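The following features are taken from TrEMBL:
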type: DOMAIN; residues: 1-159; note: domain 'PCI'
type: REGION; residues: 224-287; note: region 'Disordered'
type: COMPBIAS; residues: 230-246; note: compositional bias 'Polar residues'
type: COMPBIAS; residues: 249-266; note: compositional bias 'Basic and acidic residues'
type: COMPBIAS; residues: 267-278; note: compositional bias 'Acidic residues'
Amino acid sequence: MEMGTQHVAKLEPFLLMSKAAKGAAAAKLIQDATSAPGVFVFGELLEQPNVQELAGHEQHSRFYSLLQLFAYRTYADYIQHKDSLPPLNDAQIVKLKQLSLVSLAQDSRILPYETLLRVLDMPTVRELEDLIIDAIYLDIVRGKLDQKEGQFEVEYTMGRDLEPGKLEQLLASLQNWASTTSSVLATLDQKLTELSTRSITAKKEKEQYDKTYQATLKEVADKQKEARNANKSHTFTGRTTITQAGLTELEREKARQAREKGKENDDDRDSMDVDEPAEGSKGKGRK
């Protein structure tokens with residue numbers, strides 16, 4: 001069940017009884033409704049004709065003010081106007097403090113214990129936490145107690161009845177919220193568009209980089225292949241390039257070798273002349 005709807009249902013019996021209650025009976029009905037467990041909304045009861053008649057009744061008008069107090073005011077308002085209101089019993093005091101907690105939770109998500117102790121006139125932190133826990137079980141607020149930080153963190157709260165004249169103020173607040181939300185959404189859309197554009201640009205740049213990188217790798221590989229092929233075509237043949245000085249020295253060596261060879265030939269001829277006898281002396285002394 002949605003938060004707050006069960007409280008409207010618990011008001012139904014009092015709405016039915018208000019149709020027949022007048023004067024003192026209507027005043028007693030207000031006392032019962034504001035004391036009844038689980039009844040936290042009173043706007044429809046305030047609109048009942050027999051109840052509205054109490055506003056102009058000299059003796060019972062303060063009960064109409066009491067119903068207004070529980071509908072959209074707080075415990076601080078009760079303290080301020082206590083003399084003009086009927087005395088409250090313990091159940092009414094606890095309920096009014098819980099409704100005051102709801103009003104505070106509607107204005108701020110973080111409620112320090114120090115503020116709550118002062119505004120709700122709670123003597124100790126333990127009693128304050130018990131009040132908050134009971135309110136959570138009654139489903140009029142949702143949140144968690146942060147004892148370390150000394151605060152109540154509000155997650156959700158029921159809505160209270162609107163005070164006359166506050167509807168325009170609420171509508172203005174809602175319009176302001178709607179305008180702010182639209183502005184935030186427009187800004188988010190712009191940021192998302194920028195991010196999308198950057199993503200596309202980055203993708204294109206990466207693709208271009210990869211393309212250039214691969215082309216560079218291919219170019220390097222081709223050059224290395226050409227260099228290997230060039231080395232294979234320049235195989236060593238045993239021939240070397242001789243300088244002019246080398247050629248001169250080579251000619252000198254050839255001339256020296258020729259001289260030595262000529263000398264050896266001369267020696268061989270001389271040896272042949274000594275060992276062989278003269279042709280005229282062949283057979284001399286033979287008989």
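Glycine is no exception: its Cβ is also placed from the backbone N, Cα and C atoms.
All annotation found in TrEMBL is predicted automatically rather than curated by experts.
Taken together, the residues of the domain 'PCI' (1-159) have an average pLDDT of 94. In terms of DSSP secondary structure, the compositional bias 'Basic and acidic residues' (249-266) contains 18 helix, 0 strand, 0 coil.
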